[in-house]
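Structure first, commentary second.
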Amino acid sequence: MALVNQSVVTMFILQRFIDDPRVQDVLFCLFFALFVTAIAGNGLIIATIHSSPNLHTPMYFFLVNLSLMDVICTVTVLPKVLQSLVAENSISYGGCLTQMFVFSWVLGSELLLFSAMAYDRYLAICRPLHYGTLMSGKVCVALATFVWFTGAFNSLVLTCLMLPLSFCGPNLITHFFCEIPSVLILSCSPTFINDIMTVITDMFLTGLNFLLTMTSYVFIIASILRIRSAEGKKRAFSTCSAHLVVVTLYYSTVLYTYVRPALGTAGFLDKLIAVLYTTVTPSLNPLIYTLRNKEFKTSFKKLLFPH
């Protein structure tokens with residue numbers, strides 16, 4: 001369908017993840033399982049922490065925020081992915097902008113949240129005597145508010161920059177959801193400002209936050225190595241290693257996605273990378289953060305078996 005300008009754009013077509021019908025059936029089952037896992041797993045984390053007073057600590061407060069972000073990300077992206085595997089997947093112009101805004105909001109907020117979580121672990125391990133004061137309830141709420149509002153402001157700016165653009169056709173988005181880099185390619189208007197702002201915000205949200213997170217972990221690891229008891233070292237590493245794995249996977253894939261357009265597109269590889277931070281990470285977070293956490297597992301059993 002030829003599209004003359006933005007005023008007549010009413011629909012975009014989202015490209016299928018893959019065209020082979022046999023593979024589509026397998027992927028549908030896989031993505032549906034990841035969808036259920038992400039919703040159920042993160043929902044149980046929120047319910048368990050909410051119902052367990054002993055888990056009302058800064059670490060679990062931030063974990064609730066992370067779970068909520070993962071649920072929003074999953075609900076925003078995966079339904080359209082599942083639809084694309086069984087039928088032609090179209091999305092309205094307004095729907096595309098909405099999906100773009102919500103996803104960018106959650107993405108940016110999650111990157112900022114990882115820094116807040118790293119800061120919390122830094123204070124807990126490196127400044128234990130001052131932890132209660134430096135990470136009080138008011139500080140936690142202030143950090144969470146900053147994270148959500150900064151992510152929303154960043155997303156609003158990037159989404160609003162899309163509004164003046166004209167789309168002359170084709171209207172096929174070579175991705176399985178509306179993400180800024182893949183939609184910008186379709187514009188017949190100059191996108192220099194959009195490209196620059198996208199890279200700047202990505203370098204700020206991804207690069208700077210990754211640097212802050214890694215700096216926190218340098219101090220954390222140095223502090224852990226000074227712990228004399230083997231049990232103390234093991235416990236400290238177990239609370240931080242999960243977060244470090246998630247952070248490394250998330251930051252590296254997001255940085256790749258938003259810097260890659262400047263270097264050209266890699267097609268199917270771009271989709272695989274996007275799957276990692278839109279689908280796999282939200283599904284794995286509940287397992288990664290709780291699998292070796294005895295305190296959480298005890299509270300979870302109490303939630304399931306109250307008597």
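Heads up, the Cβ atoms here are built off N, Cα and C, so glycines get one too.
What TrEMBL records for 41-289 is domain 'G-protein coupled receptors family 1 profile'. Summarised as a single figure, the pLDDT of the domain 'G-protein coupled receptors family 1 profile' (41-289) averages 85.
Annotation source TrEMBL lists transmembrane segment at 26-47 (among others). Sequence-remote contacts of a segment are chain residues at least 6 beyond its ends whose Cβ falls under 8 Å from one of its Cβ atoms, and for the transmembrane segment (26-47) they are 17-18, 63-64, 67-68, 70-71, 74-75, 78-79, 81-82, 85-86, 279-280, 282-283, 285-287, 289-290, 300, 303.
What TrEMBL lists as transmembrane segment is 59-79 (among others).
Under the heading transmembrane segment, TrEMBL lists 100-119 (among others).
As annotated by TrEMBL, transmembrane segment applies to 139-165 (among others). Within the chain, the transmembrane segment (139-165) has long-range Cβ neighbours (under 8 A, six or more residues past its boundaries) at 6, 58, 61-62, 65, 97, 100-102, 104-113, 116, 119, 180, 183-184, 187, 189, 191, 193-194, 197-198, 201, 205.
The transmembrane segment annotation in TrEMBL covers 172-193 (among others).
What TrEMBL records for 205-225 (among others) is transmembrane segment.
Positions annotated as transmembrane segment by TrEMBL: 237-259 (among others).
Residues or ranges marked as transmembrane segment by TrEMBL: 271-291 (among others). The list of residues near the transmembrane segment (271-291) in space but at least 6 beyond its ends in sequence, with Cβ under 8 angstroms from a Cβ of it, reads 17, 31, 34-35, 37-38, 41-42, 44-45, 63, 66-67, 70-71, 73-74, 77-78, 81, 103, 107, 175-177, 179, 242-243, 245-246, 249-250, 253-254, 256-257, 297, 300.
Sequence-distant neighbours of the transmembrane segment (100-119) (same chain, 6+ residues past either end, Cβ-Cβ under 8 Å): 59, 62-63, 65-66, 69-70, 72-73, 76-77, 143-144, 146-148, 150-152, 154-156, 158-159, 162, 177-180, 183, 201, 205-206, 209, 212-213, 216-217, 220, 243, 246-247, 250-251, 254, 277-278.
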